[in-house]
Amino acid sequence: MIGYLSIPSIEIRQPIYIGATSQHLNDGVASIIGTDLPVGGMGHRSVIAGHRSWYTDLRFFRLTELKEGDKIFIEIGGTTLTYLVKNTEVIKATDWQKLLPVENQDMLTLLTCDPLVPPFDYRLLVNAYRQPDVAEEDAQSKQTSQEEMKQYQQHSFSFVFYITIFGWLLLCYILYRFVTLLTNTLRKSKSDVVDLI
């Protein structure tokens with residue numbers, strides 16, 4: 001882990017790892033290898049990937065709610081970098097040239113799968129630009145209390161848990177109906193054959 005990503009407007013705070021491996025994306029969000037680390041600098045573009053949702057957390061589920069001007073904070077090496085959301089775009093999963101650095105810009109791009117359900121042929125990008133001067137009140141506004149964060153995580157877990165349970169119950173019901181229908185059809189076919197004999 002190299003730091004934290006915080007987006008107060010959508011209640012996100014995630015640890016940042018280097019390399020978007022399965023394990024790192026299970027544990028938080030990750031800087032994509034081949035892009036700049038999220039340390040700032042002109043001509044740099046850090047791309048941070050995260051799941052749209054995960055069984056223990058919503059992760060980047062609410063990225064579509066971000067608006068121009070919303071703040072994104074990167075806490076790394078004892079420093080807090082502030083970025084302002086500029087725009088969002090949807091690209092094909094193979095359009096990697098869209099992630100290249102832009103000359104004389106210090107950029108951060110958040111990347112996640114799109115749409116929410118398979119196949120995940122596209123990627124949702126949120127592009128943000130660095131704000132070099134961070135006012136003290138902005139740094140304070142990004143901090144949420146541990147209690148608020150704990151409540152948010154509990155609500156996120158509950159939501160995902162209940163959706164998962166509902167999905168399994170629905171699947172069990174569909175399988176039950178299918179087996180019942182198949183059994184009745186086979187019995188009817190068997191009785192029809194017996195009647196013919």
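In case you wondered, yes, glycine gets a Cβ from its N, Cα and C as well.
Because TrEMBL annotations are produced automatically, they should be read as predictions rather than curated entries.
In TrEMBL this protein carries:
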- His51: active site, proton donor/acceptor (ACT_SITE)
- Cys113: active site, acyl-thioester intermediate (ACT_SITE)
- 159-179: transmembrane segment (TRANSMEM)
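A straight line from the CA of Cys113 (active site, acyl-thioester intermediate) to the CA of the residue listed as 'active site, proton donor/acceptor' spans 7 Å.
Taking the active-site residues His51, Cys113 in turn and counting surrounding C-beta atoms within 10 angstroms, the largest count is reached at Cys113. Under the three-state DSSP scheme, the residue listed as 'active site, proton donor/acceptor' falls in the coil class. DSSP gives Cys113 (active site, acyl-thioester intermediate) a strand state.
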